[in-house]
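Undergrad: Pasting in a structure now, in structure tokens, and then I'll have a few things to ask.
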Amino acid sequence: MLDIKRIRTDFEAVAEKLATRGVDAAVLNEMKEIDAKRRNILVKVETLKAERNTVSAEIAQAKRNKENTDDKIAAMQNLSAEVKALDAELAEIDAKLTEFTTTLPNIPADSVPVGADEDDNVEVRRWGTPREFDFEPKAHWDLGEDLGILDWERGGKVTGARFLFYKGLGARLERAIYNFMLDEHGKEGYTEVITPYIVNHDSMFGTGQYPKFKEDTFELSDTNFVLIPTAEVPLANYYRDEILDGKDLPIYFTAMSPSFRSEAGSAGRDTRGLIRLHQFHKVEMVKFAKPEESYEELEKMTANAENILQKLNLPYRVVALSTGDMGFSAAKTYDLEVWIPAQNNYREISSCSNTEDFQARRAQIRYRDEADGKVKLLHTLNGSGLAVGRTVAAILENYQNEDGSVTIPEALRPYMGGAEVIKP
């Protein structure tokens, strides 16, 4: 959520920044006018209340003097009616301002590339060289079906489109991947957490999914509960409405969880395979940091995600997202894109973002600065470390052999009982 004080005092700069995210200047101008009206009304209310207090004191004195107070009582009643009317108007204005501040995206950091969409993203670096096959590589969905480890047909029968069963070594591979990821993140100082997979609406608001992106979620009918779209939601809300001790920062959390997404607006995109599902596993990283340290922590988090890909020997690239492609809550985002041979393309497998104080303001997560004793908003960061299903897809395609078998990456073999190959 944006700071109304920053918008008020640095309006032109904020408007310029948000314009790069597609926010119409007219929206901000309306917000500015409403905020000015609110402050004017507040001045009027305080003036009227002061007058009312004066009249009240005069009435009390008149009664002590046995004087007639009818006129003063009428005047006080008029003042009270004016205050009541202005308070009602203030409530309407506050609701409108809340709507503005909760539906506007975060202000992009100065280092974010300016652009309209993903075509304006900037590649930062690459790691690894895509493998050259001496045979036509298969898509991971064909490999999975031929190996008998991925079953979309029965997933569709049991549930519907974009659902599947993992079987045998496919299920073992999925489990090996997320256990490996959690172990690696643990080495980097992350505390492993098992979160609730259902959260309330306040939690969804805290991380920015609600109210703007309600259609992308699975709500439990007639309840205050939602299936989590990512473990970021419960992890980032862990300290909601709390004040932390500054000396304890930064704090690192990691969790593996299922993620549930309706994929509204994704009809026709990635209809086959593991890239876009309604339910998938993901290992998430979340950090709570002091503002002056948060961008250093973003670089570390991105490196933590890269470490997984490097140890799995999967070629990837790091991309800085443009202002027009970043997520709603992010001030800066790096995407990690892994090489998918059958698509001859890099596909997103992780997003690592610094939301600065955007989520912390919504969730009221603060810390007491040990230097000056003041209570301040901290910065929150989140990143995929990694999307597990997409990692399965990348391994199947990059490690496939001409006979249809798939070699298991060395880093995962200890998690698979020493198995080296998945054979038809």
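A Cβ is built for glycine as well, from the same backbone N, Cα and C atoms used for every other residue.
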Undergrad: Given that Swiss-Prot annotates T230, A231, E232, E284 as L-serine-binding, name the residue from S80, S111, S384, S405 that shares the site.
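TA: Given T230, A231, E232, E284 bind L-serine in Swiss-Prot, the matching entry from S80, S111, S384, S405 is S384.
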Undergrad: Sort out the sequence-distant neighbours of S350 (ATP binding site) for me: same chain, 6+ apart, CB within less than 8 Å of its CB, listed by position.
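TA: Listed in sequence order, they are A305, D335, L336, G383, S384, G385, L386, A387.
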Undergrad: Between T230, S262, which of the binding-site residues has the fewest other CB atoms within 10 angstroms in the structure shown?
TA: S262
Undergrad: Going by DSSP, is E232 (L-serine binding site) part of a helix, a strand, or coil?
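TA: Looking at the DSSP assignment, E232 (L-serine binding site) belongs to a helix.
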Undergrad: Tell me which residues of the chain lie with their Cβ under 8 angstroms from that of E263 (ATP binding site), as long as they are six or more apart in sequence?
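TA: R162, D216, R276, H278 - these are the non-local Cβ neighbours of E263 (ATP binding site), listed in sequence order.
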Undergrad: Between E232 (L-serine binding site) and S351 (ATP binding site), find the distance joining the two CA atoms and give it rounded to the nearest Å.
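TA: One finds 12 Å between the Cα atoms of these residues.
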Undergrad: Roughly how many angstrom lie between the C-alpha atoms of E284 (L-serine binding site) and E348 (ATP binding site)?
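TA: E348 (ATP binding site) has its Cα 15 Å from the Cα of E284 (L-serine binding site).
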